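According to TrEMBL, the feature compositional bias 'Basic and acidic residues' maps to C:11-21. The feature domain 'Putative zinc-finger' is assigned by TrEMBL to C:27-52. As annotated by TrEMBL, region 'Disordered' applies to C:1-21. The annotation transmembrane segment is assigned in TrEMBL to C:100-119, C:131-149, C:170-192, C:198-218, C:225-250, C:256-275.
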Amino acid sequence: MSHEPPGDDALLRAVARGDSQALADLYDRHSGWLHARLTRRCSDPETVREVLQDTFVTAWRSADGHGGGAVGGWLWVIAVRRLADARRAAARAGSRDLLAARAPGTAPSAEEDVLAGLEYGDVGAALDRISPELRAVLRATVVDGLTTRETAHLLGIPEGTVKTRASRARRELRAALVALGPAGGAAC
Amino acid sequence: MTTETTVHVDGLTVRHRRTTALDALDLRIGRGVHGLLGPNGAGKTSLIRVLATVAPYRSGRLELLGVDPAVPAGRTSVRRRLGYLPQEFGHYPGFTVREFVAYMAWLKEVPKAAVPEAVERAMERVGLTGRADARIRTLSGGMVRRVGIAQAIVNDPELLLLDEPTAGLDPEQRVEFRALLRELGTTSTVLVSTHLVEDVATACTEVTLLDEGRVAFCGTSGELAAAGDDDAAGDSPTERGYTAALRRHRSARAASPEAAV
Amino acid sequence: MLNRRPTPAPRRAERTVRHVPDDTAAAYADGTLADSAAWSVDTHLDSCTACAIRISALVRTGGAGPLLAGVREAVLEAAAAGPRAGRTLPWRAALQSARVLRPAWVGSVLLTLAVAVALSRLGGAPEGRPWLLALAPVLPPVGVALAYGRYGDPAHELAASTPSGGLRLLLTRTGLVLAVCVPLLSAAGGVLAGAGAAVAWLLPGLVLTGATLALGSWTGCHRAAVAVTAAWLLAVALCGLPAVAVPLLLSPAAQPAWAAAAAACACLLILRRTAFDHLERP
């Protein structure tokens, strides 16, 4: 767990030079978690497969544009935008099943998981109390770092709705924190 | 899906020397693909150029994406979120597709780090990835047109203005292009001027029919098709609707030139 | 306050390098982790390669293994077949856009040099200097007019619809014109007439360029370049032939006046900066 792997940056520079072995290494490092993260946002395996493939092909072609930040974050931005594109294409094709699947995969909320994995204490418990649609908006804007417009693409809802849901999510989160008692306040 | 109005046009008048290209035009457009139809000289290109903030107008008021492009700050904000493909699409023949699209991304102030990916995406969406490093001068007319579309969408525009985008595309490319239009229309305001009625029938949710600088018809493409009657000329319902709406507008104007709008 | 709440998570993860615990990683990999816990893993993975590798390995050994292997093959195949990373640096494209515009005006610089050299040979060496110095200052304005706007730039209609199509593009192009003119003309001046002549034209050249830009904010650059060039040549003619006029206009005593004029042009240009937002008049 503590070993430091050879730098992602060097790998990406090799990719930019056209080294396909470096691309394979990059894929082995990052494809798994990207797949897991995408699957949480899209329940259609075929779409996830396409987005994953597009992400690495795009990385291959635009590796020289990488500005030097964290490679994982860079790949994720590509992937989540591709996912938004796929959603748009699906909305155009009228296949509502994809859109219907936009609610995040709701896993059984095990108390231990929340406490073990989460470093901001009761905020996690509060998050689990707000509705899945609101959480999806929060996740897209806060965790995935998308703009309002990109969030609208990803979730297949109008930008106005993104804004209303984001502010509702903040209100409900605050209410949930208050309901959870003073421990929530102490987490500040 | 609520459709907020993204393009407000009030009393827009555009003159070219002695002729009036647009005559106190009022228009409201929201998200979706909006077709702009009309005979040659109806003012389609004039309208698109004003909305693209490249042409001046004599009088009237504009609001694009919630801001007034007459104010410098508003103009800059609109232009960042704008995609425009002119009818005569001037480009640099010695550029590769990638260079040209990247250049337009630079002009549109796409953040530097996001440019390569944005360029890839734009080329991919118009099916030009395989020709990314080909010089534009070596491409066919239809492909050059697609380069034009790629540069228009490279900044993921909220307002996309396309002047005769299907000119020069072969039937298969046109079908693909209409699919792309519908996709873009789910999250953007797309205004497409065309003289091909079937573009409107298949790709557009709403239609505005211009005649001599005025709005002759405005409604959904279904309503346009329904406007046609049996004695109107045309081979398809939309075509019959087109000629019937045009004829009705003209006779109304002839009867009371002031009342017709 | 609340909307800022989740941001400390990635920062804290970075600072203390607390990696994802094994059981959490396993739950994340097979998709059973609760949403809120998964968020902190999400943000951690954005910047932690070690955990990325661990979780990727876990996913690969899970149910998604065959799919990942298939995509891997497809990616490598596409990479082998398709174009690889290309040069998409946007500023490079912006520079290139000027390169392809008008090789003609680079030619005009060279032609001017040739004419000046020829005249100096015909009339004896001392004649070369005034002719060169009389013509050199108008070359940058002419170059600018040919490199920007409706007549010089085939993609000007497109550029005019963009936020940078106005002053930013004009200044980029002007910079490129100067980058070509200044070394060429200075070198020629130095060769023809000594070190003094190498820089004597520089300030007037900058002033004429600045005047073209400032005037161009009203009239368009091509008209402004014509007007400025005409005014300069007229001034030279009024003061007598180049042999008389040039020493007068370019004398060391005149340089402060030129510097003041350059500053005035710069101020005017700043005041008029939004004027270039509109398409140049035909």
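Placed from the backbone N, Cα and C atoms, the Cβ positions cover glycine too.
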Non-local residues, at least 6 beyond the ends, that sit with Cβ under 8 Å of the transmembrane segment (C:198-218): 132-133, 136-141, 144-145, 170, 174, 177-178, 181-182, 185-187, 189-190, 224-225, 227-229, 232, 249-250, 255, 258-259, 261-262, 265-266, 268-269, 272, 275-276
Segment confidence, the domain 'Putative zinc-finger' (C:27-52), expressed as mean pLDDT: 88
Helix, strand and coil residues within the domain 'Putative zinc-finger' (C:27-52) as assigned by DSSP: 18 helix, 0 strand, 8 coil
